[in-house]
Amino acid sequence: MNNKIALYCRSGFEKECAAEITEKAAQLEIFGFARVKENSGYVLFECYQLEDADRLIREIPFREFIFARQMMVVGELLKDLPPEDRVSPIVGMLVGVIEKAGELRVEVADTNESKELLKFCRKLTVPLRSALREQKILSARENAHRPVVHVFFIAPGCCYVGYSYSNNNSPFYMGIPRLKFPSDAPSRSTLKLEEAFHVFIPADEWEERLASGMHAVDLGACPGGWTYQLVQRSMMIQAVDNGLMAQSLMDTGQVTHHRADGFKYEPTRSNIYWLVCDMVEKPTKVTQLITKWLVNGWCREAIFNLKLPMKKRYEEVVQNLAMMDEQLKENGINADIHAKQLYHDREEVTVHVRRIWSGAPGRRDERY
């Protein structure tokens, strides 16, 4: 296989994705250059040393990427695949590179032009899977603990072929969780919070961290897209907004509506677990607000959105996360902070913060 990695991203955010992989690679003393084509929905990063591409996808924790939806090692671009046999050249690229991979994904970038190739990708998957199994490149059954084979079509008859590691990649096809919009939700923004739960919270921890009966606050709540997700998980919610909340949410008896400015509201309860916030405001102002809640011990976990400026978007996010981390540490607070541009996000990123309490002698564990 070659010295390149491919990263999927949102169309229009290729430069941010390129800046991110270049910076993270340099931190590992791996050097190369990014190839960027605007609005293509992907970035290629070419390493100067042959073995470095595999090192990158092993050693950079995937969850630390903000703008990348998927990462994989790829070979040279396969061009002009013969219509009578597209399978053999793809198989040839993988012979001796990978054995007994657990899954095959034939994918495209998330752009309108590329989506026209999806039907073809589905048709190719069956014969290709069969041929890869015959060559022992793919295991006889799907295995979530083995590497994933990616065939990434960028145009008809043109694809990159490569692999990712299942313990350090996105588990989703094309890096996109498939979520269905609930017809009774007050707004489409509800999908942002649902996706955030899938991305930031391991499935085996949902029962503990998204538990029935928890208390939550939604700042800038109306009409209730994010509150809806909390209601669905049987939480009790303080919804803060000067606007109107959807009557369907108020009728559940789980929502208390406070007509107030989300930036000025202060909670009266001491047992709030979740804080969520999707307000249209400058990123710095929102970051400072959430930091204040965490410093004051008003919540345990928070999910919030940062609306991005037109320029220097990557720098803006990094600066805000660093500012939050610094202020929390100054106040003696340990926290896990991760950000992701979700599929359902637009010119924004979603941030998740979780306070971590270290067990001190004689001190009650505040997590429970």
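Any Cβ shown, glycine's included, is placed from N, Cα and C.
The following features are taken from Swiss-Prot:
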type	residues	note
ACT_SITE	Lys307	active site, proton acceptor
BINDING	Ser189, Cys222, Pro223, Gly224, Gly225, Asp241, Asp261, Asp278	S-adenosyl-L-methionine binding site
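A C-beta separation below 8 Å, combined with a sequence spacing of at least six in one chain, links Cys222 (S-adenosyl-L-methionine binding site) to Ala239, Asp241, Asn242, Gly243, Leu244, Met245. Cβ contacts within 10 Å of Ser189 (S-adenosyl-L-methionine binding site), excluding its own Cβ and spanning all protein chains shown: 18. Largest Cα to Cα distance within the recorded S-adenosyl-L-methionine binders Ser189, Cys222, Pro223, Gly224, Gly225, Asp241, Asp261, Asp278: about 20 Å as a whole number. Each residue contributes its Cα atom, and for Pro223 (S-adenosyl-L-methionine binding site) and Lys307 (active site, proton acceptor) those atoms are 19 Å apart.
Following the DSSP three-state reduction, the secondary structure of Lys307 (active site, proton acceptor) is strand. Taken residue by residue with DSSP, Gly225 (S-adenosyl-L-methionine binding site) is part of a helix. Cα separation, Gly224 (S-adenosyl-L-methionine binding site) to the residue listed as 'active site, proton acceptor', rounded: 19 Å.
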